[in-house]
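Trainee: OK, Swiss-Prot features for this one:
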BINDING   Gly35, Pro36, Ser37, Gly38, Ser39, Gly40, Lys41, Thr42  ATP binding site
DOMAIN    3-237  domain 'ABC transporter'
Amino acid sequence: MSIEIANIKKSFGRTQVLNDISLDIPSGQMVALLGPSGSGKTTLLRIIAGLEHQTSGHIRFHGTDVSRLHARDRKVGFVFQHYALFRHMTVFDNIAFGLTVLPRRERPNAAAIKAKVTKLLEMVQLAHLADRYPAQLSGGQKQRVALARALAVEPQILLLDEPFGALDAQVRKELRRWLRQLHEELKFTSVFVTHDQEEATEVADRVVVMSQGNIEQADAPDQVWREPATRFVLEFMGEVNRLQGTIRGGQFHVGAHRWPLGYTPAYQGPVDLFLRPWEVDISRRTSLDSPLPVQVLEASPKGHYTQLVVQPLGWYNEPLTVVMHGDDAPQRGERLFVGLQHARLYNGDERIETRDEELALAQSA
């Protein structure tokens, strides 16, 4: 079941929370709405569900306008962060609930309900807990019950509002993998809200990054990481180093050093330079690719790589976070050399395009 979000606007009083949002979600795709608090992601999810009404715009399911349909008529499954299970019902009865309250002409008979719930219990790996009550379950088990209950009525679309936000880190990882496997098996269309970048990129087919009621970027997870469309996405998606400098003529100046850009940009003046830790060239020896001296302040082994915090020596005041691969991890106090040639330049929110899309930073002049 495809979803078309067309020119959705939403205001609460004088506060505009969604600004002309448009997005197409193909049938069978799992989409993450990712953003900080106040970005509008949960409001958009609730509008898709019919739990909130847009100020203007349209929601279409597979070409049919459902904008004025009540939530119960949209055939949407909704999973909340805090489970919303019935405390007085067993696991089995919680999952069966949606089936038992269907209109009589749509309601399966008791045998069919039992068969479906039994199948769902096996699918969510909770068959052995069918007679337990919510108070006897862990957080991860409760969330599986909530998901099974949402799937019991065979929704055309599954919506999840920060489904793993209340769980500890290890349980979140396990449930993310499980949800992805379940999606691959059932091929339902799904939209989930999260503020966790790792969760969004691990589970979703497409990540929609939102900020202040706008869509900043909607792309495949690796594309959002590698080619952020805006400065907001660049800074929001994981750790990034920011250095302040200036473009003068055909050179980029940062601290006491400058490099030729290989051309003269139209913009001249202050700029911010951004590199993710793994985009910083780093070496134990000075070279054209890594000419700038730094000293290791912290070294944190991460398995196949070491994350370092390094202090520039004489050319910039703020420390940088970098990644160094290999088994021979640097020690605190060791002298290394870095290069910044894969940086992105911004003047405020405006990207400064560079030749070949990267800085041609050469050996310091």
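Glycine is no exception: its Cβ is also placed from the backbone N, Cα and C atoms.
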Trainee: If you draw a 10 Å sphere around the Cβ of Lys41 (ATP binding site), how many other Cβ atoms fall inside it, taking every protein chain shown into account?
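Mentor: By my count, 28.
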Trainee: Let me know how many other Cβ atoms fall within 10 Å of the Cβ of Ser37 (ATP binding site).
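Mentor: By my count, 7.
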Trainee: Give, as a single whole number between 0 and 100, the mean pLDDT over the domain 'ABC transporter' (3-237).
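Mentor: The average pLDDT of the model in the domain 'ABC transporter' (3-237) works out to 92.
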Trainee: Any idea what DSSP makes of Thr42 (ATP binding site), helix, strand or coil?
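Mentor: Thr42 (ATP binding site) sits in a helix per DSSP.
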